[in-house]
Amino acid sequence: MRNASVVTEFILLGIPHTEELETMLFVLFLSFYIFTLVGNLLILLAIVSSTQLHTPMYFFLCQLSVCDIFFPSVSSPKMLFYLSGHSRAISYAGCVSQLFFYHFLGCTECFLYTVMAYDRFAAICHPLRYQVIMSHRVCATLAMGTSFFGCIHATFLSTLTFQLPYCGPNEVDYFFCDIPVMLKLACADTSALEMVGFISVGLMPLSCFFLILTSYSRIVYSILQIRSAEGQQRAFSTCSAHLTAILLFYMPVIFIYLRPTPIPWLDATVQVLNNLVTPMLNPLIYSLRNKEVKSSLRKVLHQLGFLPEKL
């Protein structure tokens, strides 16, 4: 086995079959990235500035917005850099960092959606005990737990990937360093590691998804027990935004990591949607049907001078 430090940098080839579209993609992805940052920062400001929104649900939404700010920032700056005509090279350490933080933030967000589902379960199925179940201490513990276990998962996957020797070709046929494309460049048999990675990356989101489905099956059952149509509609409206965000998050993950035969250009397209579009849509999903968030956003935009006082 040759020394893994032979390769000191990698070349990101970008999204397959888009060689003639760099300028258009640069403008498009830069717009997505800016809207993502601005939208999530506004959600953070709206929640922090309004005492009415200092509840467990919005506390976890704040954490989600933080993840949605950093998650696209793992791959987007470098992608925009080379789409603007600059070097496609990324250092070995930079590649390790990309893979680690991508899976750290993605896994943290996966756990966070599970915690948010549990929060809705406690609020709707056990309203009288909600304040006790979701106390400040419990919320802080759950929030720290999502990041802690996300870090462990990402450390395991990064170690698994980069303990392999990389001594030959260094062209990454993708727009950032991710496990499937990195394993193709390794100078060793990766079949066992591919299976371990497949199980690890696939098992974690599927387990979280199962827990979310369990929570929402109980929620739906509890809502159907509500006699008034108005009460049912109010309960469903509080969950619809979360369910929409969950579907947008999990569908690309399942599509990319749980298929036995990858299709590079299609995987890259879905990955871009997952990296840029979903974090951009989350602020809209959580604010459009939420009167409290919309009211707080108006106040924030007014204070920043973007809205007249009458609004």
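Glycine is no exception: its Cβ is also placed from the backbone N, Cα and C atoms.
Note that the coordinates shown come from a computational prediction; the quantities given were computed from them, not determined experimentally.
Here TrEMBL flags 24-46, 100-118, 138-156, 195-214, 235-258 as transmembrane segment. Annotation comment: TrEMBL describes 39-286 as domain 'G-protein coupled receptors family 1 profile'.
Sequence-distant neighbours of the transmembrane segment (138-156) (same chain, 6+ residues past either end, Cβ-Cβ under 8 Å): 56, 59-60, 63, 100-112, 115, 118, 200, 204. Recorded stretches compared: 24-46, 195-214, 235-258; the one with the most Cβ pairs under 8 Å to the transmembrane segment (100-118) is 195-214.
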